[in-house]
Amino acid sequence: MLAAGRGKRAGSLQKNPKQYRLLGQKPVICHTVRCFCQHPAITTIILVIHPEDRQICEQAITDFKEHLIIVEGGNTRQISTLRGLHALKKFKPKYVHIHDGARPFIENKLLEKIHTTVNHQEGVLPVLPVSDTLKRVNSTHRVLETIPHTHLYSAQTPQCFPFERILAAHERAMQTCKKEFTDDSAIAEWFGIPMHTIPGDSHNIKITWHEDFDTAHLYLKKKMQMFPDIRTGNGYDVHSFEEGTSLILCGIKIPFHKKLKGHSDADVAFHALTDALLATQGAGDIGTHFLPSDPQWKNAPSEIFLRHALEIIKQAGGRIANVDITLIAETPKIGPYRHTMTENLMNILSLSLDRISIKATTNEKLGFIGREEGIAALATATVLYPGEIPK
């Protein structure tokens with residue numbers, strides 16, 4: 001993702017380059033990064049920035065730091081792209097998207113079309129037909145000729161390529177060609193990589209001029225009026241006590257004169273949370289994926305089940321917004337361990353502290369919980385998925 005430009009054509013009273021200016025409540029680059037982070041097929045993101053922008057960049061992408069590798073670019077787009085490709089090389093990707101950081105409105109359906117079209121021989125280029133009449137003018141602004149726009153298209157990004165081929169193309173161009181290429185498909189054409197075009201998206205604008213911010217703000221406002229696909233799942237689990245020396249809650253070992261009875265480690269909190277996460281995909285419950293009768297799960301850590309649910313969500317392009325767990329028990333006391341439990345969930349879920357709630361209550365001495373025969377857990381999870389709620 002290229003974000004090393006200075007954005008001088010965009011003009012502004014603000015001192016920051018266009019990719020760091022606010023679009024709504026977030027910088028432009030934040031919107032762009034989010035589009036790729038939400039797609040399950042994107043495994044690594046290299047963000048190429050201007051050497052002077054590291055501090056402002058890190059502030060802008062706080063929400064996505066764990067998803068990005070920052071690389072400093074060069075004096076030209078071509079040099080910056082090559083540095084990004086070199087940084088990506090160690091990950092041995094099969095394909096690579098090359099995208100302008102100032103295009104913040106990439107839709108999931110465009111990425112899907114690119115992924116189903118690209119192959120090991122050809123690159124993929126989203127394009128839009130040119131509709132305006134084109135004129136060639138001279139230095140004094142006199143019209144020289146009218147250019148027929150039949151078969152003329154404007155190129156967009158992301159452009160997708162077989163990684164090794166586009167890397168070789170950029171390296172060859174840097175070594176032997178003095179021509180300055182304006183996009184990566186031009187380098188691919190020069191190198192002999194066939195480019196397959198697909199229909200682009202008229203909303204996938206590149207913010208180049210100051211007026212483009214007005215267009216972007218209007219489109220963002222329209223998008224915010226859509227109904228986002230936000231799903232909530234609930235989970236419930238209960239385990240009885242048996243003789244033991246400790247029990248596991250939220251992955252944390254708690255010294256106690258009893259343990260929770262179960263086929264796995266009987267982590268009642270993780271079981272409830274796993275079911276809540278699975279519910280956002282209509283994916284059944286833990287027992288659907290991990291049969292209680294299967295000996296391989298005997299005494300297994302419940303984090304395995306939780307991470308399985310996380311992978312299902314990731315494959316669907318989901319992002320967890322928050323989780324809430326309520327433990328219902330007369331004993332042991334949960335308070336002394338709540339902070340450690342929360343930290344463990346922060347690491348597993350990659351969520352900040354304010355997006356995780358763990359609390360405990362008693363059952364006021366009523367029922368089996370009141371008789372100190374076991375522990376119950378309730379969990380709620382909110383997950384955001386790409387797209388809108390179907391009409």
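In case you wondered, yes, glycine gets a Cβ from its N, Cα and C as well.
Features of the protein shown, as given by Swiss-Prot:
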- ASP237, HIS239, HIS271: divalent metal cation binding site (BINDING)
- ASP237, VAL238, HIS239, HIS263, SER264, ASP285, ILE286, GLY287, THR361, THR362, ASN363, GLU364, PHE368, ARG371: 4-CDP-2-C-methyl-D-erythritol 2-phosphate binding site (BINDING)
- 1-230: region '2-C-methyl-D-erythritol 4-phosphate cytidylyltransferase' (REGION)
- 231-391: region '2-C-methyl-D-erythritol 2,4-cyclodiphosphate synthase' (REGION)
- ARG9: site 'Transition state stabilizer' (SITE)
- LYS18: site 'Transition state stabilizer' (SITE)
- HIS149: site 'Positions MEP for the nucleophilic attack' (SITE)
- LYS206: site 'Positions MEP for the nucleophilic attack' (SITE)
- HIS263: site 'Transition state stabilizer' (SITE)
- THR362: site 'Transition state stabilizer' (SITE)
Residues close to divalent metal cation site centre defined by ASP237, HIS239, HIS271, Cβ within 8 Å: VAL238, LEU260, GLY262, ALA266, ASP267, VAL268, ALA269, PHE270, ALA272, ALA376, ALA377
Confidence summary (mean pLDDT) of the region '2-C-methyl-D-erythritol 4-phosphate cytidylyltransferase' (1-230): 90
Rounded inter-Cα distance in Å - LYS206 (site 'Positions MEP for the nucleophilic attack'), PHE368 (4-CDP-2-C-methyl-D-erythritol 2-phosphate binding site): 62
Nearest of the binding-site residues (HIS239, SER264, ILE286, PHE368) to THR362 (site 'Transition state stabilizer') - Cα to Cα: PHE368
Nonlocal neighbours by CB distance (under 8 Å) for SER264 (4-CDP-2-C-methyl-D-erythritol 2-phosphate binding site), same chain, sequence gap 6 or more: PHE290, TRP297, LYS298, ASN299, ALA300, PRO301, SER302, PHE305
Separation of alpha carbons, ILE286 (4-CDP-2-C-methyl-D-erythritol 2-phosphate binding site) and HIS271 (divalent metal cation binding site) (Å): 7
Listed in sequence order, residues with CB under 8 A of HIS239 (divalent metal cation binding site) and six or more positions away: LEU260, LYS261, GLY262, ALA266, VAL268, HIS271, GLY374, ILE375
Cβ atoms near ILE286 (4-CDP-2-C-methyl-D-erythritol 2-phosphate binding site) (within 10 Å, other residues, all chains): 23
Cβ contacts of HIS149 (site 'Positions MEP for the nucleophilic attack') (under 8 Å, same chain, 6 or more positions away): PRO129, VAL130, SER131, ASP132, THR133, LEU134
Euclidean distance between Cα atoms of ASP237 (divalent metal cation binding site) and PHE368 (4-CDP-2-C-methyl-D-erythritol 2-phosphate binding site), Å: 14
Alpha-carbon spacing, THR361 (4-CDP-2-C-methyl-D-erythritol 2-phosphate binding site) to ASP237 (divalent metal cation binding site), which is rounded to whole Å: 15
